[in-house]
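As given in TrEMBL:
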type     : residues : note
DOMAIN   : 323-455  : domain 'VIT'
TRANSMEM : 12-34    : transmembrane segment
TRANSMEM : 40-63    : transmembrane segment
TRANSMEM : 75-93    : transmembrane segment
TRANSMEM : 105-125  : transmembrane segment
TRANSMEM : 132-150  : transmembrane segment
TRANSMEM : 156-189  : transmembrane segment
TRANSMEM : 196-216  : transmembrane segment
Amino acid sequence: MTTLSNYFKQDRLTTTGLLLILISAASFWLTGLYGRPDSAFGAFIVNYAISVGFGVAVIVDTIRKHGWHYSRGKAEHTAVLLVLSFISAFALNREMNVFDDSADWLSIWVVESSIALLLAMRYQWLGTIPRYFTFFFLGAALLLFMYYAFYLLPLYVLSLIGILAMGIALHTFAPLCLGIITVVILLRAGRQERGLLYTAAAGFALPLIAAGVFLFCWGQTDKQINLIINQNNLNEGKLPNWVAVSRQLDNSPIAERILKRGLVYHEVSAFDNFFFGGMPSRSFDERKQHDPLVVLASLFFGKPNLDETERINILKAMYNSRHQAQDRLWAGDKLETISVISNVKLYPEYRMAYTEKTLTVRNNAQSSWSNQEAIYTFQLPEGSVVSSLSLWINGKEAKSRLTTKAKADSTYKTIVGVEQHDPSVVHWQEGNTISVRVFPCTTEENRKFRIGITSPLRLDGKRLVYENASFEGPQATTALETLQLSFSNKPAGLQLPGIFKQTGADIYTADRTYDPDWDISCNAPQLATTAFAFADTAYRVSEYQPQYENFSPKALYLDVNNSWTKAEYDNLYQKAKGLPVYIYYDKLVKLSDSNKDGLFDLLSRQRFSLFPVNEIKVPESALLVAKGSDASPNLSDLEGSGFADDLTAYLQVPRHIRLYNMGSGLSPYLKALKELRVFSYVNGTAEGLDALLDKHQFTRDQENESTVVIDNAGLMIQKVPGLKTADAPDHLLRLFAYNDIMKKVGADYFRRNYVQPLTIAEAEQAYIVSPVSSMIVLETQQDYERFGIDENKNSLKNASMKSSGAVPEPQEWVLIILAAGIVGTFIYRGRRAVAQL
């Protein structure tokens, strides 16, 4: 029997073809991983040239040996040529999108099928076990080739017409030809060894069985969704149907695909354009994928009883897909973040930091007219606020102006949607996030913008922790990042990521590929006693020490979900000692020995809970105990529902419900209510709660009109009238104003009545992004005048790395300008006199 090495020596054409497959596959993989989107056509030309070159070589070799009897040529040559054409077809698909990017499992199947076909060419040289494995996978490969051939069926007539166009249309027939050569190999092998044919049949059948199981599970999940909706409608629930679904639906890959059907995963319709129908009607900013299982499911099953908006809301709640769900005016799929600069200054003696993030985004589209919109969502450390925005226009930095959120939004949409020239805007969002939009991102010029973030430093025991602000947006996997760290006063016990190098007395820098996960810590020094002064008012920091008051709850309310343990639940029920204990399951239910276990089973199946605090009729004597996760709707997502209406009416009267959190963090819903000062809040353990109940104590609220508490920093900021000069950073005023505004908007959050002149004036003075205010950069002064966005007066304006010390009062600015004018006049006259001499 001819050995493998001898065969490759004798059949150099096959050997060359296998090497070309490796080169072609490597080119396809590397350009997909590292190449720019506009390099897709060039990558296709490389793959196409390889397949055409090898095809010519096969034809020449066949004619030389067998004349024009091509059927007498070697099957190995045909198989190699078809695999090269298959790779070339996928490369062409990047440029001419026939089907979306393959799902990960499908990509693996494609590679496995190609390898199985190549191995089966000379299966005689394989051992018994490898041979049977090869034919098992070859049977599965036949099913894959048949799927692609059937999927491309509507293009066959058009492709026959287009074959003359450099033969590119021949790629349409590559899967069909692969299926034919696979059948030929299977029949030839089956005649010599019957068991190989049976093994291939098993390989063909197994994916069909798996698809059947998938379709069954799809049907069951689809049924579960519809039953949840029916139950919510039957109970006349005040929460929307999508909330009920996102709370109870099993978090499975199939559920995710049902929700993303038509948004991310391509769907088809037997009654509407068949395979090329089902295009999404609303943008969802996630890579579009082709998954044959979803294609099959969309043929057999209708859409769930949820419209597109409801499905997007569920994705936001279940998978934290808020960035992907943002409304777009222009596409952003060709954008790439190529540079990130993080300039951090710590003020450890004030337990705060100021960070400037400068990002550069590039448009990789081929067409020069393909303008795109960059949208970034920044996840800020808890309690942080945006205090500056800049956009580079024609190579020059243009700083923002602050205006109302509504005016900034309408101005941006008018310019971007109609006039299509330079703006940038930053908006506040719930959950310690902000969104930044930049337009236009052109192919001729990279766009650069900068945001400034004022943050409290988290107090962890006796150490301060600075947390990086991460972002979602145009992919930044290969972006170069430069970091710089400086201090107002260098702290003791400084711990930095190992990549930082000291480059100055108190300056550390680092260069690397972008990585969002890093932090800095140091010992917490004694708080500074100096203040920051502005507008006849000073702002100073002091230590926040929880103060306790006597409190014996008259009722316990448990916000139970799947993050609770049965032991925690039972312990609190026993600890109540005769007090009424309530949970919420469609209505407020009092626990008893007979119902508590059954109710826990029901509640612990829920992914999250939305406890209606308006059901607490006597908040002064109630204690709400919670434990939640990050996956839940935001407060704003509930706007317009009966739940939101009841909550709004309840919050018209200021209330401080005592809330004890036993988890590491709050759900977005409770976190928003906490930020709006609905709660008197304590975070701790189950044991800590036991201790408070035993001592009949709870923390006393220390906030008032002149004091705000930033509990995660162990910090209070107080407003004191009368002082005019001080040296603290102006970030004290910015953090005070942000927290004070959040207190004021809570009662009218859903009514939007919180946009009041005094609240807007407070945001403008501190120059911060908040629920009432946004920052915007426009291209020209005429644009600002046209939209009525005046330059901010009596304001801190955009923060900077030099933001510290007292800011001159308005009347002091007049004196400064007057003095400068007098000095300038004397200097001018003096020089003129010298010149005359």
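Every residue number used here counts from 1 along the chain in the order it is shown.
Note: Cβ is positioned from N, Cα and C throughout, glycine not excepted.
For the domain 'VIT' (323-455), the mean pLDDT of the prediction comes to 93. Outside the transmembrane segment (75-93) by six or more residues, the chain places 11, 13-14, 17-18, 20-21, 24-25, 28, 40, 43-44, 46-48, 50-51, 54-55, 58, 61-62, 99, 110, 114, 117-118, 121-122, 168, 170-172, 174-175, 177-178, 181, 184-185, 188 with a CB less than 8 A from a CB of the stretch.
When Cβ-Cβ distances under 8 Å to the transmembrane segment (156-189) are tallied for each of 12-34, 40-63, 105-125, 132-150, 196-216, the top count falls to 132-150. Under the criterion of 3 or more C-beta pairs below 8 Å, with sequence separation of 6 or more, the transmembrane segment (40-63) and the transmembrane segment (105-125) do not qualify as touching, having fewer than 3 such pairs. Long-range neighbours of the transmembrane segment (12-34) within the same chain, counting only residues 6 or more positions beyond its ends whose Cβ lies under 8 Å from a Cβ of the stretch, are 40, 43, 46-47, 50-51, 53-54, 57-58, 61, 74, 76-77, 80-81, 83-84, 87-88, 90-91, 94, 114, 118, 121, 478. Helix, strand and coil counts under DSSP for the domain 'VIT' (323-455) come to 18 helix, 75 strand, 40 coil.
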